[in-house]
Amino acid sequence: MKRLWAWGALIFGLLYFFLPLVGMTNFSLKMRRGEYSFDAYAKVFADSRFQETFTYSVTMALLTIVFGILLVVPTAYWVRLKLPRLRPYIEFVTLLPLVIPAIVIVFGYIRLYNTSSWLPLTGSALGTDMLLMFGYATLALPYMYRAVDTGLRTIDIGTLTEAAQSLGAGWFTIISRIILPNVLVAVLSGAFLTFAIVIGEFTMAALLNKPAFGPYMQLLGANRAYEPAALAVIAFGITWGCLGLIQLVSRLQKTAPRQA
Amino acid sequence: MSSNEVSAGASERQPFRLPLHWLGVVPFAAFTILFLIMPTMKIVIGAFQTPDGTFTFENIGSLFTASILSAYWISIKISLASAILGCMIGFAVAAAVVLGGLPQWVRGPLLTFSGVASNFAGVPLAFAFLATLGPLGILTIFLKTQLGIDLRALGFNILSFWGLTVTYLFFQIPLMILIITPALDGLKREWREAASILGATNLQYWRLVAFPILLPSILGTIALLFANAFGAVATAIALTGSSLNIVPILLFAQIRGDVLGNPHLGYALAFGMIVVTGIANALYIWLRARSERWLK
């Protein structure tokens, strides 16, 4: 009896997950009348705007990841090593982007950094790109910081630092050659999540008028029938890929210390 | 601040060093102040200012007009409906896997898939549901041709309240599964054994032992799911265009083109969003702290 209920609940949940996925995949293959084909995908991939916006979003994602690593790894390390009392405050700040909706943050950017302000970032293309990257870094901050901080917990940074210092290493060497390799798995899982977030992000890019993948998808969705479903399949594949890579690297992390 | 105390302690040991420890967090502090705190403060302060900068409550007062109130009300209803339904369905699925005697191999893939699905929000999610429950969607057609159920005639429309709620559930249910599974794991076998030794029925065990222990977790997760749905913009816009009058869409339109005719009313609208998600998150944190007492 209990098992019957359990199977029922599970099957209902799975139907809920899989029907939309089946629906979108099925729809994306139906562009040619009366038979299944990859026409919608061919159309999407051939569209120069798809290539441009996708390249733009991938570039932004990579820049955001690099920036995020440069910002978060030294900070998390330093706070754990020297300023442990600050930890709760820093952690609180890194969780704020989960509380404040992205649309509010970007609204603040537009008002704070407009062309007539003290830091007119929205005045130039490069400035807006930078602003968007900072925005993405803010959205990814909760995930990135938590991943790195958890990674740091598993190693003895005090001893590692002292050992490196007594061998004559400077701070740059310590962070780049001792700490970063040791938390690489944590950094990577933060990076993949950042990638997944940035690729699909819509609100910030749309409001800052940037030619990113999210707004392109929305625009295509408003004007076409079959291509959006193909795009959704592609986007789902990317999310799935990123999360799969996280699983993979964290499994590697679990086995790594045993090998050492 | 506490950084001063720490560096003061350090300078006692090394008397000729300047207390420079705090310099290590300057880049992080500068970044968060410039791109998180200050933009938010700008909105909050702007909500209490007139266009020429004097203090006023008028913007907040203007929120209480019929159209804006109804936008908040619909937003809150959608968020609440998707949070409660997501919580119930997610709980049922998680309970089935953890306690229902299902084979062990179900668990890993389910949690992995939940991780993916809870991140699959935004524009593509809207497309997936349009392709499934839209006018030409696979499920709509199937129900109509095979079972003779016309969703449209029954009043269901993907671009409506229930359409949006059903769509949001796609990321709400997996999030619930991810959060509640550890809590269900925390229910100790001894409690159930103790209850049954004392003669409790299954229902009594759930009503008097398990449910009260899980309640803070469940309520906290509802608060989190609520905030999650309340801030969702992309899914709503991609699904409904701007036809549904909910707060994120209204704010989006206001930022795009000042549809309210008063820029500072936009600030107030955004401030209202922060207040709502802030309350929901505060509830979540408080309830989670309470639930951790039992579920260590």
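For all residues, glycine too, the Cβ spot is worked out from N, Cα and C.
Predicted automatically and left uncurated, TrEMBL annotations should be read as such.
Residues or ranges marked as transmembrane segment by TrEMBL: B:20-39 (among others).
Residues annotated as transmembrane segment in TrEMBL: B:59-76 (among others). Long-range Cβ contacts of the transmembrane segment (B:59-76) within its own chain (Cβ-Cβ under 8 Å, at least 6 residues beyond either end) map to 47-49, 161, 230, 244-248, 250, 262, 264-265, 267-269, 271-272, 276.
Annotation source TrEMBL lists domain 'ABC transmembrane type-1' at B:72-284.
The feature transmembrane segment is assigned by TrEMBL to B:83-102 (among others). Same-chain residues lying 6 or more positions outside the transmembrane segment (B:83-102) and placing a CB less than 8 Å from one of its CB atoms are 110, 165, 168-169, 172-177, 180-181, 184-185, 187, 218, 221-223, 225-226, 228-229.
Residues or ranges marked as transmembrane segment in TrEMBL: B:122-143 (among others).
With a threshold of 8 Å between CB atoms, the same-chain residues lying at least 6 positions outside the transmembrane segment (B:155-184) that come near it are 74, 77-79, 81-83, 85-87, 89-91, 93-95, 97-99, 110-111, 113-121, 125-126, 128-130, 133-135, 137, 214, 217-218, 221, 224-225, 228-229, 232, 235-236, 239-240, 243-244, 246, 291, 295. Taken from TrEMBL, the feature transmembrane segment applies to B:155-184 (among others).
Per TrEMBL, transmembrane segment is recorded for B:204-226 (among others). Using a Cβ-Cβ cut-off under 8 Å and counting only residues 6 or more beyond its ends in the same chain, the transmembrane segment (B:204-226) has close neighbours at 79-80, 82-84, 86-87, 91, 172, 175-176, 179-180, 183-184, 187, 191-192, 195-196, 280-281, 283-288, 290-291, 294-295.
Under the heading transmembrane segment, TrEMBL lists B:233-253 (among others). Sequence-distant neighbours of the transmembrane segment (B:233-253) (same chain, 6+ residues past either end, Cβ-Cβ under 8 Å): 67-68, 70-72, 74-75, 78, 121-123, 125-127, 129-130, 158-161, 163-164, 167-168, 259-260, 266, 269-270, 272-273.
Marked as transmembrane segment by TrEMBL: B:265-287 (among others). Under 8 Å from some Cβ of the transmembrane segment (B:265-287) lie the Cβ atoms of residues 40, 43-44, 46-47, 49, 59-60, 62-63, 68, 72, 76, 216-217, 219-221, 223-224, 226-227, 230-231, 247-248, 250-251, 254-255, 258, all in the same chain and six or more residues away from its ends.
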